[in-house]
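*Asks:* Here you go, one structure.
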Amino acid sequence: MATISARGLSIAFPLYHLAARSLKKRLLAKAAIRVKTDESNRVVVSALHDLSFEIRRGERVALVGTNGAGKTTLLRTLAGIYEPVAGELMVEGEIGSLIDPAAGMDSDSTGRENIRLRGLYRGMNDEEIAALEQDAAAFSGLGEFLDVPTRGYSAGMQVRLAFAMATAITPQILLMDEWFLAGDADFMTKAEERLARLVTGADILVIATHDMGVVRRWCTRVIKLEAGRIVADGTVEEVLGPAHAPEAAEEQA
Amino acid sequence: MQQAVLPIYRIDANRPDRTGRAMADLRAGFASWRLAWTLARLDLRNRYRGSVIGPFWVTLSTAALVAGMGLLYAQLFRLDIANYLPYLATSLIVWNALSAMVSEATTCLSNAEGVIRQLRLPLTTHALRCVFRNALNAAHSLPLILVVFALMGQWPGAEALLVIPGLVVLAVNALSVSLFLGMICARFRDIGPIVANAMQLAFFMTPVIWKPELLGEGAKWLPLNPFYTMLEMVRGPLVEGGGTLMTWVAALLYTGALGGIALAFFVRFRSRVAFWV
């Protein structure tokens, strides 16, 4: 059964490449509590601090919070990209993450080659790659452009291809960043159905977003992050307040 | 961006099990060698995008270098050209492959930044990609050695088969160096230029264009130079009737040491790479 459980999870980013002293001092002078130096005198941003939560099967969790609150970092940690410096994390179930649509794309390769490459990135066998190719080719609606290097695509076409490849999955745990909500309106209507199927098909959804409409529509639980800590965790109503007064509720939370 | 991860992903910072995770990374990386291979081929294709003869430019420039330097240095060192040219061709081609490998190893992880921070992939995949890319690239120049042999009418004997274990040992070192330098250079961005300088120096310190005999008595110290032993594993069998036992022993010792250091480093710091790149 799909579950995610975290106990005391912490992630700290050492800022290695800004060792220039003056810069360091200036950063420290403005001392947000999150930027500090560690025992070996490095500048460290505490991106996530002591998070504990449990997400069970069937829950659709929205991660909300201002920019830099740690939403994407938490998604990446759940996806296994960042390993925590403290605490414990257990994720049970097959993970599918839609964090950056363009990661691993090769702009000199054709759309079709990119689809096959994505299949290899996912560790698929030939059969699965062929299925992915068919599915993504059909959905993207790129037609003959599939055999043109993606360098020659318009921005909209690139989004369509990336979206088609990324969403051709049926994971048990779906991790999503809000990028895909930024597509052009026309395509989003078409994408809506596919996205809805993906979201409802997954046992667990964790989505990082600023869009409270998305939260209210899809999610059953909200975890609000602030400066890398959980400041609120509860049902949508508990955290955001009743549906008809979203703005006021947001301020209270 | 779904990754084929084990159904259960458990990580506890108090019990990191670094060795287990590093081994799992290596296993997963080798198991998905097809990905590394495809990426390596794409790298080469993209590097020579639009070029008519593509990677054979390297072959051509090496050929020109060998011809030019061969004529000049045969005069300078007063060597017989039929004997010197095969030596120089083998040396230069193997050295170029070796030096390209080392210099690309320094960026093999930092160049994959976009992927490392977005997808959960074994780091071994990025190192393998670098090894495959360099192997493919070298494969375009290696046949040049045969051309020179044919032109000079100098063919090695059966000992030439020792080239195969030599190349295998080189490949092991290539992987170690990719992991090791890849990680170090992701963390300390100054190491890359230092390595480039060191390789430049090593080119002159190693008998690439000059023959070990020119050192006279000092030649017996040459196995202390790891680059010499690596070079000799491939060059020896081809032009000198097989490397000496000493160079093979030294080469294997260096391989073991480098592999050990790279592995220790990999085990200890693998989980930090996503923060470094």
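Using the three backbone atoms N, Cα and C, a Cβ is placed for every residue, glycine included.
Found this in TrEMBL, in case it helps:
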- B:36-236: domain 'ABC-2 type transporter transmembrane' (DOMAIN)
- B:52-73: transmembrane segment (TRANSMEM)
- B:93-114: transmembrane segment (TRANSMEM)
- B:135-155: transmembrane segment (TRANSMEM)
- B:161-184: transmembrane segment (TRANSMEM)
- B:191-210: transmembrane segment (TRANSMEM)
- B:245-267: transmembrane segment (TRANSMEM)
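I'd like to know what surrounds each of these features in this structure.
*Replies:* Remote same-chain partners of the transmembrane segment (B:52-73), defined as residues 6 or more beyond its termini with a Cβ less than 8 Å from a stretch Cβ, comprise 44-45, 79, 81, 84-85, 88-89, 92-93, 96, 136-137, 140-141, 143-144, 147-148, 209-210.
Distant neighbours of the transmembrane segment (B:93-114): 58, 62, 66, 123, 126-127, 129-131, 133-134, 137-138, 141-142, 144-145, 170, 174, 177-178, 180-183, 185-186, 189, 191-192, 195-196, 199, 202-203, 206, 208, 227, 230-231, 234-235, 273, 276-277; these residues of the same chain sit at least 6 beyond its ends, with a Cβ under 8 Å from one of its Cβ atoms.
Remote same-chain partners of the transmembrane segment (B:161-184), defined as residues 6 or more beyond its termini with a Cβ less than 8 Å from a stretch Cβ, comprise 98, 101-102, 105-110, 123-124, 126-128, 130-131, 134-135, 191, 195, 230, 233-234, 236-238, 242-243, 251-252, 254-255, 258-259, 261-263, 265-266, 269-270, 273, 276.
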*Asks:* Give residue numbers and ranges for long-range contacts of the transmembrane segment (B:135-155): same chain, 6 or more residues beyond its ends, CB-CB under 8 A.
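*Replies:* Distal contacts: 40-41, 44, 55-56, 58-59, 62-63, 66, 81-83, 85-86, 89-90, 93, 96-97, 100, 171, 174, 238-239.
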